[in-house]
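> Here TrEMBL flags Cys50 as active site, nucleophile. Positions annotated as substrate binding site by TrEMBL: Thr49, Cys50, Asn51, Arg52, Ser107, Glu112, Asp113, Gln114, Gln118. The NADP(+) binding site annotation in TrEMBL covers Gly187, Asn188, Gly189, Glu190, Met191, Gly192. If you look up TrEMBL, you'll see 6-153 marked as domain 'Glutamyl-tRNA reductase N-terminal'. As annotated by TrEMBL, domain 'Quinate/shikimate 5-dehydrogenase/glutamyl-tRNA reductase' applies to 170-296. The domain 'Tetrapyrrole biosynthesis glutamyl-tRNA reductase dimerisation' annotation in TrEMBL covers 312-405. What TrEMBL records for His97 is site 'Important for activity'.
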Amino acid sequence: MNIKMVGIDHSKATIEYRELFSFTKSTAAAAMQRVLAEFGVEGCVILSTCNRTELWLSYETEPSRTPYEILCAVKNINPQDYENYFIERSGAQALRHLLLTSCGMKSKVFGEDQIITQVGDALALSHDCECSDSVLERLFRTAVTAAKRVKTTVHLTALDSSVATRTADLLHKELGDLQDVCCLVIGNGEMGRLTAQTLVEQGCNVKITLRTYKTGEVIIPSGCCVVPYDDRYKQLAQCRVVVSATVSPHHTIKYDEALPYLDGSPKLMIDLAVPRDISCELANVRGVRLFDIDSLGGASVSEAENEGVALANRILEEYYEEFENWYYFRGLVPKINDISALAATDITGRIHKTIQRLAIDTDEQERLSQLVENASIKVVAKLMFGLRDNLDRDKWEDCIQGLEKAVHS
């Protein structure tokens, strides 16, 4: 697929970097028109929201500059300064990304549906500016249609919300009354926020970690106190309960670094992450009781194992295959048109003398010949597209090649 994109989003860049590459409606329109005029692409769409900016390109001939370089050019920014904050995707990878993005599976608030409208609006603006082409039109419409079906079919959430409740139940079982119990929650993702809010509702004094704190940039559960992520070990000495719920591939609480802050006083550590956040060795430290997600009697909160996410992925796969097939067959349309036209010319040539013998004037003869030719083109094309719907790709392409040889012989 001759499709490329480049993007910056909340997962790789804070707001001070994202805002450098953001667009208003008017600046996006001007930028898309410049991209088409200067960089040799067939179509361009800019998706710009508070959490992401993406430049989408389609082309016939490979552009001489990368999507990132093109984006920096229209923003008048040195490309060497911010390259690490961007991801470039092409072809199938780009298609899958847009499908996931459009149904909120790459949003800061997982599963949110505002992005559906934003994706549709981005295409509409490109269309109004005459910057979209048939490929990007089809791509973005497919993504929006897929996202709407996911929204109406699946209650999309990244986690089993009962895990937070079962965490509170475990604490009640172990500690009894939770009023004023000091708790540290590591992780400000959906699971961390939901757990923190549940513990606040149970009367706990909850501290929640943030890697960075920017007003308006993050969601802080009501009633929680924010502490820097780097101070999490210092908080161990003060907190009776530690809950960790991140998506980090590394431990958030490591044995060697935690040990100096553990003095033997009772600590409950609850690890809700998959893979685990808290070093298993800490279970052997005096005073520490360590529980993991399985201890709660619940399923893993891994997105891959979440039924809603799995169903959403199956739906998106249908639309992925639909677009991929459309794009593949689109490349064969010129061959079909050529075969249809040659076949029609052959048919009209064979009946030319018969038409001349009819008792009608010359103009009527020419009009009849044209009607026969047009009808022949439509019938031949219909037959070939009918074969497409009943044969796999390889067999259908073999048929096209065979017909090409036949009409040119």
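A Cβ is built for glycine as well, from the same backbone N, Cα and C atoms used for every other residue.
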> Treating G and I as helix alongside H, and B as strand alongside E, what does DSSP give for the domain 'Tetrapyrrole biosynthesis glutamyl-tRNA reductase dimerisation' (312-405) in helix, strand and coil?
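The breakdown for the domain 'Tetrapyrrole biosynthesis glutamyl-tRNA reductase dimerisation' (312-405) reads 84 helix, 0 strand, 10 coil.
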> May I ask you to report the DSSP-based helix, strand or coil state of Cys50 (active site, nucleophile)?
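Note: Cys50 (active site, nucleophile) is coil by DSSP, not helix or strand.
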> Relative to the Cβ position of Asn188 (NADP(+) binding site), how many further Cβ atoms are located within 10 Å?
23
> Using a 10 Å cut-off, grab the number of neighbouring Cβ atoms around the Cβ of Glu190 (NADP(+) binding site), all chains included.
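For Glu190 (NADP(+) binding site), the 10 Å Cβ neighbour count is 20.
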> Find the one among the recorded positions Cys50, Asn51, Ser107, Asp113 whose C-alpha lies closest to that of Gly192 (NADP(+) binding site).
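Its closest listed neighbour, by Cα, is Ser107.
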> DSSP-wise, what's the residue breakdown of the domain 'Glutamyl-tRNA reductase N-terminal' (6-153) into helix, strand and coil?
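Split by secondary structure, the domain 'Glutamyl-tRNA reductase N-terminal' (6-153) comes out as 80 helix, 21 strand, 47 coil.
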> Return the residues near Asp113 (substrate binding site), defined as same-chain residues 6+ apart in sequence whose C-beta is under 8 angstroms from its C-beta, sorted by sequence, else 'none'.
Cys103, Gly104, Ala147, Lys151
> Which of these binding-site residues has the least crowded Cβ, counting other Cβ atoms within 10 Å: Thr49, Asn51, Ser107, Gln118?
Gln118
